[in-house]
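The annotation transmembrane segment is assigned in TrEMBL to 20-38, 45-65, 71-91, 103-122, 128-148, 160-178, 184-200. The domain 'Peptidase S54 rhomboid' annotation in TrEMBL covers 61-201.
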Amino acid sequence: MPKFGGVLTFPDFRGFTRALILWNLGAYFALVLLGVASKPAASTLVIYTALSPLAVLHGWIWQIITYSFVHSGILATAFELLSLWFLGSFLESSHGSRWVAEIYFVSVAGAALTAIGLYFAMPASAVMLTGAYGGIFGLLIAFGVLYADMQFMMFPLPMMIKAKYLVAVYMLIALAMLFSQDRAFAFSELGGALFGWLYIKFAPRRGFARAGTERWYGIRNSYYRWKRRRAAKKFEVYMRKQNRDVRFDRDGKYIDPDNDPNDRKWMN
């Protein structure tokens, strides 16, 4: 629970952040209920959805995303979802749903690719990767980079801390975990942070989706202008044959000789 400006508040619960949390909750309880009904079926589902580097290399590429919806343990899941709520809601309020969705899933995929890369370097350290920490670390690095000097208090700790220092603490913990049995998870978390940082530095300011949409409409409008110019040239040729002179601008729009846009007497 964050505290800004001396006021203890809950972050907004809306938009992509709300949808993401509900998807994760639904996936968690669906797996729990399936485990109660049939443990073999639940185990099979985990095998298909959790990230196994060897399985991805054999074509199970959906695991690069689906592993982030597989959770183990109610406390770990609760901490993940609270982290998503705080970080996602804060970033979404200033950058929008699309931007948060993009950096989150880029970080999730980046964490998965890091785990696969670790498998090539150290096959013996490969584990089945689960959880949303790759995406969380991507959001965390965005929070620390974009709002480095913002001070806040995380309840119940009675101390103010800047965002950049909080991020540094998490990074140091992940680095320390590299020397433990959980090194594969630590590598994936750091990979998520790295891909989150790369997204901030190199992605379009409003995200790939918005930039792609603008690019698409730009291409479409250029095509329409080309069609108008082509039709205008054909019409000019036709009107010359009728001993009439008409002009069009570079976008193929008619130029009224009397500068009266409502005058269409020449068309009679």
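Placed from the backbone N, Cα and C atoms, the Cβ positions cover glycine too.
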Paired segments the transmembrane segment (20-38) and the transmembrane segment (184-200) in contact, 3+ CB pairs under 8 A: no
Beyond the flanks of the transmembrane segment (71-91) by at least 6 residues, Cβ under 8 Å: 1-2, 11-17, 20-21, 24-25, 27-28, 31, 99-100, 103-104, 130-133, 135-136, 139-140, 142-143, 146
Rounded mean pLDDT for the residues that make up the domain 'Peptidase S54 rhomboid' (61-201): 90
Secondary structure content of the domain 'Peptidase S54 rhomboid' (61-201), with strand meaning DSSP E or B: 105 helix, 7 strand, 29 coil
